[in-house]
Ligand code: SF4
């Protein structure tokens with residue numbers, strides 16, 4: 001199996017940016033531009049809360065681990081899980097320092113409500129694929145938790161979904177290698193995009209600086 | 001467009017700036033005299049030999065708040081620069097362009113086109129607003145020369161030629177600058193531009209306001225990930241924010257000069273606020289400086305329509321908008337750098 005070097009790992013959180021808009025991904029991950037607005041700050045607060053407690057909680061047959069650092073050499077990604085639940089099960093895997101066997105279930109917390117696109121699902125699946133590689137196990141399902149609806153949404157990690165994760169991660173690596181920021185393709189999304197101010201999607205409608213200067217100079221009468 | 005935040009100007013001498021949680025705390029003789037939340041701030045400019053704690057400097061760098069230190073006269077001393085922002089790819093592209101004198105000429109032409117265009121507009125505007133009080137023919141003549149300069153600049157083949165045209169245009173403009181001053185003429189007059197040191201009240205004010213504008217441009221360039229020290233028209237010189245100076249050219253007349261002239265014409269400053277040393281050097285007193293800073297803050301909040309973006313922005317955000325547009329051009333999203341051409 002092909003393996004990435006650690007220094008070439010990309011951030012797992014980029015998957016959702018990339019599937020939302022490639023240019024947004026490039027602005028954040030290649031150009032390191034990040035405009036904080038209310039929404040991203042809210043997101044951070046929610047995340048801080050879940051990552052708050054890096055100690056594992058134990059409730060009966062359940063261990064809850066928060067802010068677990070994860071990676072995958074085959075995908076070449078690194079990141080963190082908001083929450084990984086470890087359910088005691090005889091057909092699970094052994095966990096260092098614990099009695100018995102466990103089945104891991106990743107849970108990703110999101111503010112707002114379920115999105116129309118599948119960026120959250122892809123990100124969750126990638127997290128599960130990391131855990132599978134790190135713990136040598138299989139994870140058939142995982143959950144998304146939405147702050148607005150306060151609901152857990154079950155996601156079944158089918159082969160087809162995993163393949164899409166692989167494809168998208170490969171594309172991200174390719175774009176990153178080229179250090180290329182794709183041009184604007186304005187769409188409805190731009191309205192909800194936290195990077196719109198930096199991206200300036202308008203610029204694609206009014207692109208010619210050369211014409212703008214020419215036009216202004218022509219108006220200068222002698 | 002992004003939100004315009006405040007710039008904090010610290011003018012009282014011998015104050016110390018420190019950090020307490022999310023606030024900047026200003027101390028005088030170890031007593032707290034003011035406390036301001038950092039999240040409201042875009043920049044901090046400290047005049048006088050103020051001290052600042054490393055913790056505050058770090059917090060500013062992290063939050064992308066530009067922190068500059070100036071002498072009481074407004075002369076620039078130092079800036080706090082944090083971890084380099086933005087991407088190396090953009091900066092490398094900027095350096096490559098800067099090393100290439102032909103490309104530098106093409107970009108710089110636009111800075112200067114903007115500069116002369118706006119200079120001319122300032123003169124034309126004055127002839128319309130104050131036709132009864134001005135020697136309109138004289139101003140129109142200069143305007144015509146400037147219109148011709150624009151043609152020359154458009155075709156200039158190299159940086160040296162460009163600098164030549166720019167110099168001629170500037171001296172044309174400054175030859176009628178005094179005409180634009182319509183009040184308090186015995187105390188506020190302009191003969192020629194001088195800066196080290198400023199030799200009259202008007203030059204003292206111009207120098208001071210140019211420093212403020214340079215600070216804003218340097219901060220804006222850093223925010224978008226460009227290196228304010230590597231310019232195109234102004235070549236590298238250690239410690240000089242050459243790119244900020246390049247970009248300032250287009251705003252000098254229309255933003256800074258007009259601001260100074262209106263302070264004089266509206267009598268918001270007066271001759272009492274200035275002292276002249278034996279060697280001719282003019283300094284402003286604290287109150288005058290405070291008056292200027294206060295007026296500058298409110299000037300920044302005035303809204304205009306950006307001529308290229310056709311979007312409402314505050315004057316204070318124009319440096320940021322231009323820095324952003326330059327970055328877009330360097331990255332290849334735009335076919336040229338759309339200089340700010342005021343109407
Ligand atoms: S504004 Fe539109 S094109 Fe630009 S990054 Fe956001 S979604 Fe993508």
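In case you wondered, yes, glycine gets a Cβ from its N, Cα and C as well.
The Mn(2+) binding site feature in TrEMBL is assigned to B:166, B:234, B:249. Around residue B:166 (Mn(2+) binding site), the same-chain residues six or more apart in sequence whose CB sits under 8 Å from its CB are B:112, B:115, B:116, B:153, B:249, listed in sequence order.
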Given the binding-site residues B:234, B:249, which one has the fewest other C-beta atoms within 10 angstroms of its C-beta? B:234
Chain-mates of B:166, B:234, B:249 with C-beta within 8 Å of site centroid, Mn(2+): B:108, B:111, B:112, B:115, B:163, B:233, B:245, B:246
